[in-house]
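Residues or ranges marked as repeat 'ANK' in TrEMBL: 18-50, 84-116, 117-149, 150-182, 277-309, 310-342, 343-375, 376-408, 409-441, 442-474, 475-507.
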Amino acid sequence: MVQWILNNDVDVDQSRTDGNTALILACRQGHVEIVRLLLQKNPIIDLCNQNEIEALNWACYKGYTSIVNLLLQKNPNVDLCNLNGITALNWACYKGHDIIVNMLLQKNPDVDLCSIDGRSPLYMASQRGHTNIVRWLLEKNANVNLCTGDGRSPLHISIQNRHTDIVRLLLENNPNVDICTNNGKTALTLACSKGIPAIVNMLLDNSSKFDVCVRDGCSPSVHGKTSSLANTKDTVFPKHPIGLNNTPLISSCNQGYTDVVQWILNNDVHVDECRDDKVTALIMACKERHVDIVRLLLQQNPKVDLCDMKGVTALLWACFKGYADIVSIFLERNSSVDLLSSDGHSPVYMASQKGHTDIVRLLLVKNPNVNLCSSDGRSPVNMASQKGHTDIVRLLLDKNPNVNLCSSYGRSPLCIASQQGHTDIVRLLLDKNPNVNLYDSDKCSPLSMASLNGHTDIIRLLLEKNPNVDLCTRYGKTALNLACFNGYTAIVNMLLDKNPNVDLCDSNGRSPL
């Protein structure tokens, strides 16, 4: 049919409303014989559709080798690009069409033409792991330092995707290994964060070329400055945080790459260097529970009590997370058990809050101050009583804490335990003879709390300590008033046995009756 139409002297370059010609459509669909017939009519080979896609671009994208060969015999413009700035060579490199790439390179294309987001043919081949194509592009002197819009070079993307052979090829062509991405990552930082010792070693073999990145994510050379190329440890591993303020050491600690951490530490880095948020390598390793890395870092004698911006030390993080093994390691090194976070949280408080009984037991051996309170006035006993951690309350009470310490809301451990219905904890606290009449900012006593919530067993325990049964809340409600209102018959009977004033009215004038 195509042959018959062509024999009738039609315009071979006529197009549809979307700009597609017969040649473009035949190339897109892979119809080799039809392409051959059309080419005999000498069409305009570089005509594009509305998306600026020409026949060669389609054929290279699809990988139609025979069609590409036919088109190249007509000497098309191999550097034409579509609306996204992608050339035929870009597509062939991205898709890994080796034969097509070879054919295109024989036409001497511009090997550095980039897409609108900055991806060069070399970048695309590096991204996809097409080693042979990378080699051919480098032989054509492709620019190894061209970066995408977000600052990633071919070296960055090959490291990110763990293409070790491509990294080796790129390094043989002397790239700027200190180019930083827009978020400040150098090739070395990226390799460390990915935990690829082989690539780390290759980069370190190029250490004489390492510059230190400045805070805005550019190397000094970008600003027209010349950094020292002295082969020093500070040159290989910058002292200052880079990119998102992660050093290679901190990145490796975050990911748990023990071998990489060991390699870095062998290069005499400053183990206490931190990010802008004051997180050190040691804090990071503790947060992520990388025990072996914690041990490695401690061999470098770091300052174990350094804290992040929230005042949280490595020990505090371990207590919060429940990592008893790491807590033991720090206690062996006499880490301070009384350092507080910005919120006033001590290690004992952290562990008590989260119910980490084994950690509380470890900490108490070091005789911490069990009366240290958080910024809202809650002691470890208060927090454990609130959460219902009976075993922890028992451990803390063995250290004779002040059981009458109240939170900023005025709630004592006994008050909060009575409110929550933690009967066993109330019993433990009462053995320490607390003030049973302490009330909170709403003037609710332990007895009021228990009456309000219907905790019969707790009422019984509290009444054995002869509390003031006529204490009123802010709204004038006694324990009896609350029990009567809620219909707690058993509690009402127990309270009446203590001869309360049965005519006391609340602020609305309502008596128990």
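For all residues, glycine too, the Cβ spot is worked out from N, Cα and C.
Here the structure is a predicted model, which means the values were calculated and not measured.
Across the residues of the repeat 'ANK' (277-309), the predicted structure has a mean pLDDT of 94. Beyond the repeat 'ANK' (376-408), the same-chain residues lying 6 or more positions past its ends with a Cβ under 8 Å from any Cβ of the stretch are 344, 346, 348-349, 351-353, 355, 357, 360-361, 364, 367, 370, 414-417, 420, 422, 424-425, 428-429, 431-432, 434-435, 438, 440. Residues 84-85, 87, 89-90, 92-96, 98, 101-102, 105, 111, 155-158, 161, 163, 165-166, 169-170, 172-176, 179, 181 of the same chain lie 6 or more positions beyond the ends of the repeat 'ANK' (117-149) yet place their CB under 8 Å from a CB of it. Counting same-chain residues at least six beyond the ends of the repeat 'ANK' (277-309), those with a Cβ under 8 angstroms from any Cβ of the stretch are 245, 247, 249-250, 252-254, 256, 258, 261-262, 265, 271, 315-318, 321, 323, 325-326, 329-330, 333, 335-336, 339, 341-342.
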